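According to Swiss-Prot, the feature substrate binding site maps to HIS131, ARG132, LYS147, LYS154, LYS155, GLU156. Annotation comment: Swiss-Prot describes 1-10 as compositional bias 'Polar residues'. What Swiss-Prot records for 21-31 is compositional bias 'Low complexity'. The region 'Disordered' feature in Swiss-Prot is assigned to 1-31.
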Amino acid sequence: MSSTTPTTEPDQLPPHLDPQTYPRTTTNPTLNTHITLTYHPLDPTSALSKISSPNAGANVLFLGTTRNSFEDRPVAQLSYTAYPPLALKTLSKIAEDAVAKHELLGVVIGHRLGDVPIGESSIVIAVSAGHRGAAWRAGEEVLELCKEKAEIWKKEVFVDGQGEWRANRDRDAEGKLVQG
């Protein structure tokens, strides 16, 4: 059973969002899944601590970061937007399905919204499992499913001021554009 909890820290929210009703964190204590959408920098140490278990033989942590160029174009930043109620539901299902499929001990998925500067993380994924094989496979699978299914969109903002909106699924694991 998942629960959605609005967090109370004063995020840098766009003015049309009410921080008291904006659902940013969903947890399932039974399956040890934790989903967060935030305008704050992501905390990998916190992600690992949420899934830490004495039964774990492996913890895998992935951080997706904003790099300074894409296809020889200098990037200024990435900007993310989402439909939070549906994105939280989708990300929760991805995490819960991964726990069942890979016999995981826990999953954290955190995604930044708003502007993400060069060098900062836009996504954190942490998985915990009894053995490394399951953890490695699950971590990559969770990432690819997040990019494929989550209702989160990014705008690549280039140094020249131009930008391109993209669904995360527009690129493959090597970062190449997927032709529709």
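From the backbone N, Cα and C atoms, a Cβ is placed for every residue, glycine too.
Structural mapping of features recorded in Swiss-Prot.
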| residue | record | DSSP class |
| --- | --- | --- |
| HIS131 | substrate binding site | coil |
| LYS147 | substrate binding site | helix |
| LYS154 | substrate binding site | strand |
Within 10 Å, the Cβ with the most other Cβ atoms among the binding-site residues LYS154, LYS155 is that of LYS154
Densest Cβ environment (other Cβ within 10 Å) across the binding-site residues HIS131, ARG132, LYS147 belongs to LYS147
Span of HIS131, ARG132, LYS147, LYS154, LYS155, GLU156 as binders of substrate, largest Cα separation rounded to whole Å, comes out at 37
